[in-house]
Ligand code: BGC
C-alpha cells in the first residue's frame, strides 16, 4: 500500500481508505497552528505582572515604593491590552471564511501567518501602550485567520475515524503554546530591561514561520476544489492525503460522496449573490435541527459556551489573581502549574473523543467544572479569599487545577472538534469562521470585564468570581445535554444526513444507511471522472 504503514480499515456506510502514517502526519502538522494561538493568548498574563513592564508602561518607580498590590497596571489598561487581541481575531475569523473559499484554505492560513508576523514586529518594537495595542490588534487578525481556517482545513482533510483526535491535537498545541508562554515569561520575568517582555513577544515569529512554511508543502483541501468545481484537483489531493493512487476506489468514492453532498446541498439551498450567500447561513427553521440557521446558532453558541466556562480567567489573569491572594509567595509558578495541568490533560481527549463521543465528553466535562468551581467559590467566600489561611489557598489552587483538568480533557478540544463537523459544505467555511469569531468575541468580552470584576481597584470579587463561572458552567451542562449532537465516526457528509434525520438527544443512535453518491448514481469507479466534466460544465 503506498504512503506508509496501514493503521486503520473499512467501516459501515461506505469504504474509506486505510489511515496511513503519512496521512496522520500530514493532517497532524496543521495542528501546529494551535501553538501560536496559545502562545499569543498566554504570554500576556505573565508580561502584565513583570516589574519592568509595569514600571515602563505605568511610570511607577522601580523598586516599588508601594505595596505589591498597588504596583500594577490599572484595570482598564489590563483590560485593553488583553482584549484587543481577541477583537482582532474576531474580525480576522469572520473575514477568513470568505477568503478561504476564494483562494483556498492553505493560502489563507499562510496569509494569516504573514499578518501575524507584522503584528508581532510592532509589539516587539513597542515601549508605549499605543504601539503595543496596535501590534496586538494586527497579530489578532492573523490569529483569527489561522484559528478559523486551520480547524476547517483539518476537519476537511482528516480521515473520519481519527478526525476528532486530530482536531483535538490542535487544542493540544494551543495548550503547549500557553505553557511555552508561561515558561518564557517565567524565565524573563525578573529582567530589568525590555528583554523581559520583548523576548516572549518576539519568539512568536518562529511559530508563524514554521506553520507558514510547512503548509506550503501540504495539499489543499479536496472539499475546496469540489466547491470550486475543480474535481480533477480534488481527486489529486485526496489521493495524496490518503496515500492511494488516483484511480483507487477509495479515492473515487470519497470524492464522489463530497461532490454528491455538495450538489444536494446546493439544490436544497441555492447560494445566489454574495449577499444571499451570507443570508443562507441563517436560513431555515429554528425547530429543524438540520437547518442552516440551527447549525450556525449551534456553532456560535458552542464557542460562546466554551468561553463561559471561565477558563481564560485563569490563563489571562491567573498571575495577577494569585498575586492578589497575598498568601502565595510565587504566583508565576502557580500560573505555570495550571498551564501544565492544561497540557497534560488534553491528550486524554484524543482517545475519549473517539471512544465515548463528543456529547458525553461535553456533558461530563461541564458537570466536573461546575463542582470544582462552586467548591472554590465556597472556600473563597468562607475564608475571605483565604487571607492568612494557607490551607484554604492550597485547596482553592487544587480545585482550580482539577477544574482545568476537566476543561482541557472535554470542552477545550470538544468545541473545536464539533464546529469543524456540523456545517454543510456550502456554508462550512463561513460557519466555522463565524463560530471561531464567536469564540473570540466572548473571549474579548470576558477579557474586558473580568479585570473590573476582580481588580482590587474595582469590584474586588476575588475568589467569589467563581460563583459566576460555576453558574455559567451550569448553563454549559444544560446546553450540552439538550443541544449537542453526536458526530463521532461519521464522515462530514454523513453528519449532514444525521442532522436531517434526528435530534441532538437521539443522534448517538443514528447510523448511516445510505450515501449521497449512491442516491445520485455516483458510486461506480469512474463516476467522478464522468462528473468532472458535468460539474466543470455547470461552473
Ligand atoms: C480556548 C481558549 C483557551 C484555551 C485554553 C481553547 O480551546 O478557545 O480560549 O485559552 O483553550 O487551553
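Positions of Cβ are set from backbone N, Cα and C atoms, glycine also.
Features of the protein shown, as given by TrEMBL:
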- 23-44: transmembrane segment (TRANSMEM)
- 26-488: domain 'Major facilitator superfamily (MFS) profile' (DOMAIN)
- 80-100: transmembrane segment (TRANSMEM)
- 107-125: transmembrane segment (TRANSMEM)
- 131-153: transmembrane segment (TRANSMEM)
- 165-187: transmembrane segment (TRANSMEM)
- 199-218: transmembrane segment (TRANSMEM)
- 308-325: transmembrane segment (TRANSMEM)
- 331-350: transmembrane segment (TRANSMEM)
- 362-383: transmembrane segment (TRANSMEM)
- 395-419: transmembrane segment (TRANSMEM)
- 431-454: transmembrane segment (TRANSMEM)
- 466-484: transmembrane segment (TRANSMEM)
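Scored by C-beta pairs under 8 angstroms, the transmembrane segment (165-187) has its highest count with 331-350, from the stretches 80-100, 131-153, 199-218, 331-350, 466-484. Contact check: the transmembrane segment (308-325) against the transmembrane segment (331-350) gives at least three Cβ pairs closer than 8 Å, residues 6 or more apart, which meets the contact criterion. Note: the stretches the transmembrane segment (80-100) and the transmembrane segment (362-383) are not in contact (fewer than 3 CB pairs below 8 A, sequence gap of 6 or more). For the transmembrane segment (362-383), the residues of the chain that approach it from at least six positions outside its boundaries are 309-310, 389, 392, 395-396, 399-400, 402-403, 405-407, 409-411, 414-415, 462-467, 469-470, 473-474, 476-477, 479-481, 484, judged by C-beta separation under 8 angstroms. Below 8 angstroms of C-beta separation, residues 298, 301-302, 305, 308-310, 313, 358-359, 362-363, 365-367, 369-370, 373-374, 376-377, 380-381, 411, 418, 453, 504-505 of the same chain, each at least six residues beyond the ends of the transmembrane segment (466-484), sit close to that stretch. Here the transmembrane segment (395-419) has Cβ contacts under 8 Å with residues 151, 155, 163-164, 167-168, 170-172, 174-175, 299, 302-303, 305-306, 309, 311, 314, 322, 325, 328, 334, 337-338, 341-343, 345-346, 348-349, 352-353, 358, 361-362, 364-366, 368-369, 372-373, 375-376, 379-380, 386, 431-432, 435-436, 439, 463, 476, 484, 487 of the same chain, all six or more residues outside its ends.
For the domain 'Major facilitator superfamily (MFS) profile' (26-488), the model's pLDDT averages out at 90.
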